Amino acid sequence: MKCAHFIDGPHCVKACPAGVLGENDTLVRKYADANAVCQLCHPNCTRGCKGPGLEGCPNGSKTPSIAAGVVGGLLCLVVVGLGIGLYLRRRHIVRKRTLRRLLQERELVEPLTPSGEAPNQAHLRILKETEFKKVKVLGSGAFGTIYKGLWIPEGEKVKIPVAIKELREATSPKANKEILDEAYVMASVDNPHVCRLLGICLTSTVQLITQLMPYGCLLDYIREHKDNIGSQYLLNWCVQIAKGMNYLEERRLVHRDLAARNVLVKTPQHVKITDFGLAKLLGADEKEYHAEGGKVPIKWMALESILHRIYTHQSDVWSYGVTVWELMTFGSKPYDGIPASEISSVLEKGERLPQPPICTIDVYMIMVKCWMIDADSRPKFRELIAEFSKMARDPPRYLVIQGDERMHLPSPTDSKFYRTLMEEEDMEDIVDADEYLVPHQGFFNSPSTSRTPLLSSLSATSNNSATNCIDRNGQGHPVREDSFVQRYSSDPTGNFLEESIDDGFLPAPEYVNQLMPKKPSTAMVQNQIYNFISLTAISKLPMDSRYQNSHSTAVDNPEYLNTNQSPLAKTVFESSPYWIQSGNHQINLDNPDYQQDFLPTSCS
């Protein structure tokens, strides 16, 4: 008989035993061979077998391997994730540190705030002391000394007449700053009707080198030649002053001290604005300047400037109107007899300077427009140029002067003037400052050799310094000294008063101090504006740390009034006109214009 399935010994079975308990309690595992006979598996095949030997043993379960692989994979993913996280975090930290460093560096740099204002490309020439020669003292004061001299540019065979303004050794840092501020303003302007700065010398004492004028200041000139000044000259001067002021307005510069004394005469046909001691440059977004104090010309100032210390181009227009009035009255003193402390109340009540006898109503109405309380109602300088230019084409129609057609101003040649001015100098190489600078395309570029000697010119073309006045002979008219260190200073030179009177000095009433004085006596600093001080006279003065300048217009000028004070002193003063030159003059210490403790009456 044949088994249907498998043979296990003597038995027929459906399947070979797998894990059946056999002899000696051992497990028996068998497999079916090719003849379907059950054979014993290899002892090492603990889970049965499919064939003989170890080869027949079945492979182990894959589940642990899969589990191990999954776990290992997960661990790898975690490690990779941590690595990526650490990398990103490190990158974030580096970026954060970089941004922090950039922000810190940016804080060290000022933020950009473009103003849209054109750059000031003016050049300032720094001169060596060996390049100029001092010839003669023009004047001295508390600020230092002004010399007449020659500028001899290094490497060139030319000599240029100049005025040298030198601060004294003991000058304060504030005075040095102010003179450098004036140098900045003067170096920033370049116009035929504005005085220019030739250079600056930075020695132990700062020195400004400016043009030298042959005819002095316009105020002296019209007083000396009032019988020979015709309508055409007066109107032409008005046009030129307006042109100079219009140029300053275009440069956003407020002059703050326009007056006939601050206009210099180059020739009878050519005048220039000077004295930038109070001038201020406005920023691109500034419409006005607020002053803090100092000596100011009260009788030339607009009402808003007196009351609120607000200065604009339109306040300069007011001063222009007063300057025109000075010209039309041949140097009369504005508001004569009225104390400076009362000017504001007088103006608020509607009073103005009277119509000059030679002026038609056309000319006077222009002045009146300049003195409107509302600054915006005053004419612009470009409008004043147009008005006076029209009048200058037909002078007798607008100014009525007796014998006008026969009037003629003297005009000495340069040769005569400079031989008088520089008696001991060789005249062959003398060149006018304008003639020297004209060939230069830049303001102060490299020197040019194409110049015409001054001796060949037939009209005087020299210039005075920004604050000096001398006459055609170099010694008749006084010279104005530094306008912001001496003239606007509270520092007295009172110990010179008696000797100054003996030498013919007189106080001038244009300026009053706005700064708080250290002591009341500082109000009585003498100012000798229109008297010449010779070298002999200077030698008689006591030699101490202060100097008295006979050519200043405002050391103690009463129109420069102090508004930085507490309540106005109620003393009433009287003073004679400062241009009176005869007699034994005594300085009236009760001059109302010499008050230090001043506030406008309306403000007290």
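Any Cβ shown, glycine's included, is placed from N, Cα and C.
Since we're looking at a predicted model, the values are computed, not measured.
The feature domain 'Protein kinase' is assigned by Swiss-Prot to 132-399.
Positions annotated as ATP binding site by Swiss-Prot, on the basis of sequence analysis: LEU138, GLY139, SER140, GLY141, ALA142, PHE143, GLY144, THR145, ILE146, LYS165.
Annotation comment: Swiss-Prot describes ASP257 as active site, proton acceptor, evidence class sequence analysis. Secondary structure at ASP257 (active site, proton acceptor), as computed by DSSP, is coil.
A Cα-Cα distance of 21 Å separates ASP257 (active site, proton acceptor) from SER140 (ATP binding site). Each of the binding-site residues LEU138, GLY144 was ranked by the number of other C-beta atoms within 10 Å, and first place falls to LEU138. When other Cβ atoms within 10 Å of the Cβ of ILE146 (ATP binding site) are tallied across all protein chains shown, the result is 30.
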